[in-house]
Amino acid sequence: MDAIREAIRIERLSKTFSNGRKALDEIDLRIEPGEMVALIGASGSGKSTLLRHIAGFTASDAQPSQIEILGRPIQQNGRIVREVRSIRRDIGFVFQQFNLVNRLSVETNVLIGALARLPWWRRLSGRFPRAERALSIAALNEVGIGEHARERAANLSGGQQQRAALARALVQRARIVLADEPIASLDPESSRRVMDMLRTLNIEHRLTVLVSLHQVEIAMQYCPRTIALRRGKVVYDGPSAALTPALLKTLYGDEARELIDEAAQGPDDTESKNTADNTPLQDAAPASGRYAFALNPAHSN
């Protein structure tokens, strides 16, 4: 069997909301296995919408388009495929809302990552095999919160909840992690720990990571490659190190202040806690430093 060349492949993806606003406009992307890529943009640029399409949570416009995950289509021409759940088994999700069930223990939340490979009766009864429980404790220890395994998820801080979500991705045996603003509202130390753990998943576990961020300096520190969105279009795809304030001004105009100011200030100083139980460019450059610098000329004036 041929090796999978792309972890994520997107062709001609567009999304128009019911109010007529174009949220995504002809997106074409290639992300190779093992890359750690930042997705940046001002508020309303389309970052979260793009991630939801990649995950198969939202269907695109009904026009020729495709999103593939590890060589398998997850949606085509505005329709999500029937096999979407099996494809999602390879994707770990980390969102701003933390996506944990507050009333359950931290360990049980992490074990949810194993449900897809368990018999139906174990799913219904919540009786997890000893091997899966051992795996969940090992994952919690790896992300640094093993001592909280028996606590209710509601008792964790925001940063700890994000790390629990990363532990769940390990138990799930995901191959791709989609992280939507995972350090929003976290204090600097919690933000560092979450980003360090994402990098560990990428380097040591060889997971492909696509993480949306507001803080350009965080993207430059952790992600070799950055994709920049503006008003639903890819305006930059290339080395993160090249994202100088001058280039951001060229790409975003006055909107660059949002990205530059947040980069200078860092995350908020107050770490939030979750109180809800419910869930919620142009052609990409190659990985591993072999970038084909891509600046959309339509946004370079």
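Count begins at 1; order follows the chain as displayed.
Just so you know, glycine gets a Cβ as well, placed from its N, Cα and C.
Lifted from Swiss-Prot, the feature list:
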type	residues	note
DOMAIN	8-256	domain 'ABC transporter'
BINDING	GLY41, ALA42, SER43, GLY44, SER45, GLY46, LYS47, SER48	ATP binding site
REGION	264-287	region 'Disordered'
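Distribution of Swiss-Prot features across the structure.
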residue: GLY41; record: ATP binding site; CB count, 10 Å: 28
residue: ALA42; record: ATP binding site; CB count, 10 Å: 19
residue: SER43; record: ATP binding site; CB count, 10 Å: 9
residue: GLY44; record: ATP binding site; CB count, 10 Å: 15
residue: SER45; record: ATP binding site; CB count, 10 Å: 25
residue: GLY46; record: ATP binding site; CB count, 10 Å: 23
residue: LYS47; record: ATP binding site; CB count, 10 Å: 22
residue: SER48; record: ATP binding site; CB count, 10 Å: 20
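DSSP gives LYS47 (ATP binding site) a helix state. Mean per-residue pLDDT, taken over the domain 'ABC transporter' (8-256), amounts to 93. Other than GLY41, ALA42, SER43, GLY44, SER45, GLY46, LYS47, SER48, the residues of this chain whose Cβ falls within 8 Å of the Cβ centroid of the ATP site are, in sequence order, THR49, LEU229.
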